[in-house]
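Okay, so here's the structure we're looking at.
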Amino acid sequence: MRRLVVGWIAALMLLSLSAPVLAHAVLVDSAPEDGTRLDSPPAEAVLRFNEPVRPVSVKLLGPGGVDLPLSASPAAGDGELHVDLPGGLAAGTHILSYRVSSADGHPVAGSILFGIGAEPERPAELGGATPPATLLAAAAVRALHYGSLLAAVGGGLFLVLVAGRWSPLNRRLRPGLCLGVGIAALVAVLNAGLAGAVLEGAPLSALAGAPPWIAGLTSTAGLSAVLALLSLIAAALGLALEERGTAGRVLLVIGAVGAALALAATGHAATAEPRWLGVPLVALHGLAVAFWIGGFWPLAVLLRTEPPAESLRLVRRFSGWAVPAVAVLLLSGAGLSALQLADPSTILTTAYGQIWSAKITCALVLLALAAFNRWHLTPRLEDMGRDAAKRLRASVHTEMVVAALVLLFTAGLGTTPPPRTDSPPVFAEKPAGFSTAVVARGRTAIVTVTPATPGPNRIEMRLTGPDGAPLNALEVSAELALPAAGIEAITRPLPKAAPGVYAADGIALPVAGSWALRLDALVSDFEKVPFRAAVPVGR
């Protein structure tokens with residue numbers, strides 16, 4: 001049974017690592033365009049994304065794979081990355097490789113090719129993938145970061161809300177909580193460094209140098225680490241002053257709130273739209289989890305050291321606070337799930353949904369254990385004394401193990417694109433027509449409608465797989481409708497124009513309005529991937 005459980009956990013973690021560990025910024029356009037032939041060397045390259053990004057690294061390779069130094073650092077703004085190219089580029093194939101960080105702190109990597117005086121030749125392998133060992137270490141440390149941070153500040157909440165002024169217990173708990181704060185601080189720093197290694201696609205050995213640490217600390221993961229460290233400093237001061245009055249207890253509460261805000265500063269959930277809802281939900285969820293997880297070790301200690309009558313009083317007090325904490329936990333968790341899971345069917349059909357299911361299963365087991373403790377074991381403390389305390393302590397230890405699994409799966413969710421990213425981003429206007437990036441089932445379609453005005457239009461789709469390489473479909477069709485004007489669906493085939501490119505000219509859009517576009521790509525004999533977007537057709 002133990003081997004089965006370990007195997008199940010390992011499979012789900014590998015599933016999270018095999019999914020694209022990317023954010024949801026997508027390269028919409030570039031100048032020069034990918035795969036284009038130029039008669040003369042360009043002075044600048046512009047990469048256009050569907051959301052603001054921060055450059056991590058940009059490299060230019062010339063003919064033969066020669067590394068060409070760039071004259072200046074790339075400039076980012078308004079979703080565009082401007083790269084000054086060196087003068088006098090030689091004839092042949094040039095590859096501009098990029099790694100950028102999006103708003104949720106995750107990496108986006110890719111390359112564009114252009115040829116000078118010749119058609120560019122695409123190499124068989126462009127590289128740039130993050131080493132699996134780095135991804136695995138980052139996921140494991142992320143789980144440890146969640147657990148150590150929440151347990152440290154949650155233990156402080158236990159002193160304030162449950163133990164109160166019970167000095168004998170507080171004196172026993174304080175050294176362990178101080179040790180927990182120190183461990184949490186070290187793990188928070190390491191988590192930021194590993195986040196930087198993932199951003200740079202670097203091996204673990206790169207942590208011996210400065211670049212991964214700089215990349216991590218200048219990303220949203222760095223902001224989260226700074227907030228976590230500040231909250232831990234507040235918690236440490238609170239533990240030092242806890243016996244002396246109100247100031248220490250206020251600092252312990254500030255530490256818990258700060259840790260919750262640190263979790264809300266980065267990651268998929270914190271950047272889900274609408275952010276005015278997503279960020280508070282993450283913070284509330286983190287605060288409730290901190291109280292619950294932070295209470296496990298203090299409960300185990302008091303059940304071992306305190307008299308049965310005092311244990312019963314404190315356990316009942318913890319249970320009294322646990323009821324509203326669980327309510328906040330469930331409501332905020334439901335809200336976050338609704339933001340991330342675009343459709344209930346994605347629970348079974350996506351890697352994110354499967355890891356989410358595993359997390360929810362463990363969370364339900366945790367709730368069942370808590371209910372068993374509250375309604376069955378706690379009342380027995382009054383009659384059975386030490387024997388009941390021993391049983392309750394064993395149950396709390398079981399809760400610790402299950403909670404560790406919940407945190408492990410939560411870390412897996414942090415490295416897996418949520419289904420909400422299958423929804424298309426907002427269109428961005430170009431001089432001629434409109435374009436957007438649509439992600440569905442791990443594939444990306446760059447869709448361009450030109451000129452996006454009433455009359456004949458060209459529809460083009462550039463299809464890529466999870467690895468960013470052009471994806472050749474067996475068949476592609478476009479379906480357009482304008483229900484507001486009573487225009488039913490118009491279906492047209494999109495013939496293959498180039499590897500991964502499908503286009504058709506002369507598709508009539510008779511009136512202005514927001515047209516519903518659906519592109520169906522038959523990527524295999526058994527799988528058809530639908531891409532949906534709203535096309536604003538002007539007058």
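Don't overthink the numbers, they just go from 1 along the chain as shown.
The backbone N, Cα and C atoms fix where each Cβ goes, glycine too.
The signal peptide feature in TrEMBL is assigned to 1-23.
Residues annotated as domain 'CopC' in TrEMBL: 24-115.
As annotated by TrEMBL, transmembrane segment applies to 143-164 (among others). Within its own chain, the transmembrane segment (143-164) has Cβ neighbours under 8 Å at 170, 173, 176-177, 180-181, 183-184, 187-188, 190-191, 228, 231-232, 235, 238-239, 242, 249, 252-253, 255-256, 258-259, 262-263, 286, 289-298, 302, 314, 317-318, 321, 403-404, 407-408, 410-411, counting only residues six or more beyond its boundaries.
Taking Cβ pairs closer than 8 Å, the transmembrane segment (176-199) reaches residues 21, 56, 99, 101, 105-107, 130, 134-135, 137-138, 141-142, 144-145, 148-149, 151-153, 155-156, 159, 206-207, 211-217, 219, 221-222, 224-225, 228-229, 232, 235-236, 239, 297, 301 in its own chain, all 6 or more past its ends. The transmembrane segment annotation in TrEMBL covers 176-199 (among others).
The transmembrane segment annotation in TrEMBL covers 219-241 (among others).
Residues annotated as transmembrane segment in TrEMBL: 250-270 (among others).
Marked as transmembrane segment by TrEMBL: 276-300 (among others).
Summarising the annotation, TrEMBL assigns domain 'Copper resistance protein D' to 313-413.
Under the heading transmembrane segment, TrEMBL lists 321-342 (among others).
Annotated transmembrane segment per TrEMBL: 354-373 (among others), in sequence order.
Within the chain carrying the transmembrane segment (394-414), a Cβ under 8 angstroms from the stretch's Cβ atoms is held by residues 9, 12-13, 15-16, 139-140, 142-143, 146-147, 267-268, 292-293, 296-297, 299-300, 303, 352, 355-356, 358-359, 362-363, 365-366, 369-370, 372-373, 377, all 6 or more beyond its ends. Annotation source TrEMBL lists transmembrane segment at 394-414 (among others).
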